[in-house]
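As recorded in Swiss-Prot:
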type: BINDING; residues: Cys18, Cys21, Cys40, Cys43; note: Zn(2+) binding site
type: BINDING; residues: Pro122, Thr123, Gly124, Cys125, Gly126, Lys127, Thr128, Tyr129; note: ATP binding site
type: DOMAIN; residues: 6-59; note: domain 'ClpX-type ZB'
Amino acid sequence: MSKVSGSNGGDSKNTLYCSFCGKSQHEVRKLIAGPTVFICDECVELCMDIIREENKTSMVKSREGVPTPQDIIKILDEYVIGQKQAKKILSVAVHNHYKRLAHASKNGDVELAKSNIMLVGPTGCGKTYLAQTLARIIDVPFTMADATTLTEAGYVGEDVENIILKLLQAADYNVERAQRGIVYIDEVDKISRKSDNPSITRDVSGEGVQQALLKIMEGTVASVPPQGGRKHPQQEFLQVDTTNILFICGGAFAGLDKIISARGEKTSIGFGATVKAEDDRRVGEVLRELEPEDLVKFGLIPEFIGRLPVLATLEDLDEDALIQILSEPKNALVKQYQRLFEMEDVELTFHEDALREIARRAITRKTGARGLRSIMEKILLDTMFELPTLEGVREVVISNDVVSGVARPLYIYADRQEEKANVSA
């Protein structure tokens with residue numbers, strides 16, 4: 001027991017003692033009471049030292065174990081189809097970034113600058129998914145922000161500091177871990193300057209946001225309110241150094257291919273003028289020739305582009321790539337739905353031509369890989385609605401006609417060789 005009665009006088013009659021070190025309440029500054037135990041401030045401090053030391057050790061281990069670019073690409077290949085050049089650029093940039101952090105104290109006179117990354121590519125080509133997978137490989141906190149919701153401080157909308165707050169939340173409020181995390185800012189093409197001409201009205205969601213992002217991307221100590229900025233003005237702020245946070249920005253940049261195609265082309269007028277042939281290359285092929293000056297013409301300010309020295313362009317996905325995405329990666333959509341059907345003890349089978357038709361529809365919609373799930377949901381909706389109440393179904397087969405909407409899925413029953421085609425008229 002921590003509470004001891006003594007016979008040395010009135011003072012020691014109800015003296016309390018620390019259950020861990022045995023010191024009395026008179027020998028320590030504070031004694032914290034639990035249901036049946038007490039702990040002194042010195043023991044609490046000792047426990048904190050032990051925890052800090054363990055955290056430091058685990059940090060050192062993670063820093064020393066930076067995966068090589070080849071290792072990173074190998075894991076990316078398991079989850080992301082295609083985009084070989086973009087994967088190579090990203091794996092080298094991420095490896096160098098965390099290698100720089102691992103050897104930060106050994107650099108001597110040479111200080112290595114941070115290389116943030118800009119991903120440019122059509123909608124649904126895998127920009128966001130690449131960033132998420134990278135964070136998982138390196139095992140660091142990751143957060144995603146939508147640039148369209150951001151505004152300058154003092155205006156309605158989200159402050160840029162809220163991005164750091166989300167990262168801190170992803171790190172369970174561990175500031176050390178958050179300071180080594182990855183932030184992905186999506187839709188940066190939507191914060192481009194509204195026009196080349198200076199305007200009387202302030203552009204708070206365009207150039208203003210770019211200006212606000214400059215500091216946190218370059219490196220600053222951000223004061224982050226734990227409960228979100230504007231609703232609780234009296235709360236204490238957490239200090240987060242953004243110097244070692246890796247920022248990855250992404251956007252579709254619709255129309256950027258036209259700016260690239262127009263660059264360097266000489267125009268002439270009159271009867272002797274050469275008729276300019278239309279560029280019939282795919283968007284992804286044109287984007288390979290991207291230069292920083294093209295992004296300036298698009299509407300990003302030079303200072304913002306300067307904070308993103310690594311440029312990686314992604315190609316639009318063709319039919320074959322979309323079929324691979326449907327069936328090959330570890331968490332491919334087909335495998336996900338097959339797992340769902342397995343929970344009902346039913347096997348789900350897709351014909352090859354059905355997958356091809358799904359890919360064609362995604363290309364027609366111009367939604368890339370992102371549109372595949374909505375197409376799959378529409379195809380399988382009725383089946384998933386009926387299946388839990390049907391008895392004896394062992395297999396569901398999806399053909400090209402099912403995807404085209406001219407037939408219902410084929411149900412194969414186990415107890416009899418009966419097939420229910422449900423072909424619609």
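Heads up, the Cβ atoms here are built off N, Cα and C, so glycines get one too.
The structure, with features from Swiss-Prot marked on it.
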residue : record              : DSSP (3 states)
Cys21   : Zn(2+) binding site : coil
Cys40   : Zn(2+) binding site : strand
Pro122  : ATP binding site    : coil
Lys127  : ATP binding site    : helix
Predicted model, mean pLDDT over the domain 'ClpX-type ZB' (6-59): 76
Winner by Cβ contact number (other Cβ atoms within 10 Å) across the binding-site residues Cys21, Cys43: Cys43
Listed in sequence order, residues not in Pro122, Thr123, Gly124, Cys125, Gly126, Lys127, Thr128, Tyr129 with Cβ within 8 Å of the centre of the ATP site Cβ atoms: Gly121, Gly250, Ala252, Leu314, Gly368, Ala369, Arg370
CB-centroid shell, 8 A cutoff, Zn(2+) site Cys18, Cys21, Cys40, Cys43, site residues removed: Ser19, Phe20, Gly22, Lys23, Val28, Leu31, Phe38, Ile39, Asp41, Glu42, Val44
Cα-Cα distance linking Cys43 (Zn(2+) binding site) and Pro122 (ATP binding site), given in Å to the nearest integer: 57
Residue pair Cys18 (Zn(2+) binding site), Tyr129 (ATP binding site) - Cα distance, angstrom, rounded: 52
Spatial neighbour of Tyr129 (ATP binding site) that is closest, considering only the binding-site residues Cys21, Cys40, Cys43 and their CA atoms: Cys43
Spatial neighbours, same chain, of Gly126 (ATP binding site) - Cβ under 8 Å, 6+ residues apart: Val80, Ile81, Gly82, Gln83, Leu314, Leu317, Gly368, Ala369
